[in-house]
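Peer 1: The domain 'IspG TIM-barrel' feature in TrEMBL is assigned to 18-264. The annotation domain 'IspG C-terminal' is assigned in TrEMBL to 281-368. For Cys284, Cys287, Cys320, Glu327, the entry in TrEMBL reads [4Fe-4S] cluster binding site.
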Amino acid sequence: MAQRRPTRQVTLGSDHHGYVKIGGDAPVSVQTMTSGYTYDIDTCVAEINKLAAGGADLVRVAVPEKKDTDALKEIIPQVKVPIVADVHFHFQRALDAIEAGVHKIRLNPGNISDRKQVEAVIEACKDKGVPIRIGVNEGSIIERRDKQKRMKELGGVFSNNKHGHFLAIMIAKLEEYLDIFYEKDFYDIVISAKSPDPNLCIAAYTEISKRFDHPLHLGVTHAGPRETGSIRSVVPLGHLLASGIGDTVRISYANDPIFEVEDALEMLYCLELRERKGVDLIACPTCGRIQVDLFTLVQDVRKVLAEEIQLPIKVAVMGCIVNGPGEAEGADVAIFAGDRRGIIYVQGQRVANVKEEEILEALLAECKKFEAKVLAGEAKLGEKVVEIAPPDPIGDLGSGFDKIAQGDVDKLSDLTIGES
Ligand code: SF4
């Protein structure tokens, strides 16, 4: 992993909502956006709280109408996470949102035609210490009002140099917008340059990071449904983050935004850019050796452990003795299966051999016991990596799986439970 690119730092929030730092030495933050109507106060509060509980560091809301910014006055005191107002077209919505106590503004100066209006928003943000994200997203930088200019700009899109063309427009617009802010001596700025095209995202953020030292809000806009949008998003965002570029991320799905938060966090955990909260689960993909319903087991394990375990315990759910012992060696808690049974290990020690229908309960019990030990200072996460000798699949005792299949379940179970 490359070193994080040094950037200025902006801070937003309040004593009541907590503070989030973006850029500088701050951890990469995760944000998302509500999908309901902001004016529907109770629903909006519930959605913000759900997203915050799921791990969102800040939550953005749309404020297209006055009734939305009016609602913000009631919403903001009821939530415990910093709120960002998403403003387009109407500068007055930004002023109203700032008045309502919003912690950050997302602004596209390109769709606020009067420069004086942009300046009024800057002044109001400066007064209240509210940072502004300037978006130069691909979809919003092409001229829409001036038909001739639009045709000229769109012409470049179909040239052979699509990325270069968009990049040039993005950078030019960004410089133009930033001048307005600099002239007002305003530097509490975060920049985004999103596109649905992953390659353009990589190119745009890379170029912008070379030219400006403002923190960057990474995102692939309109990424689509989660099934395909996750790849479309994580490939360029992961590439940028691993290159040291990016200070806050938003993944955009046509789905419940809680998935955006879950996937953004998992991406940051995998890159070790955030300290993991909750279980770190790995599982085998299964193959022709599988002898339990591992897909169902893995989903059940994921759900139950997410609810019951707080510590980042590494758990491995493996289908058989081919890769099971190897993964069990590095995991805190591991199970590998065979012939409708599962053998469970805790930091390399075999602790149980149970029937398939008991695996979930037994695994949860072992995870809870292990978590309690860690909390009591009697064990450490990831401390022991013990070499595990797998059950011999062909010896006298064997893995047991052949004998289990022959009906010798109880005896074999007696022989193997607790052995190490
Ligand atoms: S652990 Fe076993 S069942 Fe799972 S993929 Fe590997 S060989 Fe197949």
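Including glycine, each Cβ sits where the backbone N, Cα and C put it.
TrEMBL: automatically predicted annotations, no manual curation.
Situate these features within the shown structure.
Peer 2: Mean pLDDT of the predicted structure over the domain 'IspG C-terminal' (281-368): 90.
Sequence-distant neighbours of Cys284 ([4Fe-4S] cluster binding site) (same chain, 6+ residues apart, CB-CB distance under 8 A): Leu294, Val317, Met318, Gly319, Cys320, Asn323, Gly324, Glu327.
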Peer 1: Taking the recorded [4Fe-4S] cluster site as Cys284, Cys287, Cys320, Glu327, identify the other residues of that chain whose CB atom sits within 8 Å of the mean position of the site's CB atoms, giving them in sequence order.
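Peer 2: Here the nearby residues are Pro285, Thr286, Arg289, Ile290, Met318, Gly319, Val322, Asn323, Gly324, Phe336.
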Peer 1: Reduce the DSSP letter at Glu327 ([4Fe-4S] cluster binding site) to three states and note it down.
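Peer 2: Note: Glu327 ([4Fe-4S] cluster binding site) is helical by DSSP.
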Peer 1: Of all the binding-site residues given, Cys287, Cys320, which residue's CB has the most CB neighbours within 10 A?
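Peer 2: Going through Cys287, Cys320 one by one, the largest Cβ count within 10 Å is at Cys320.
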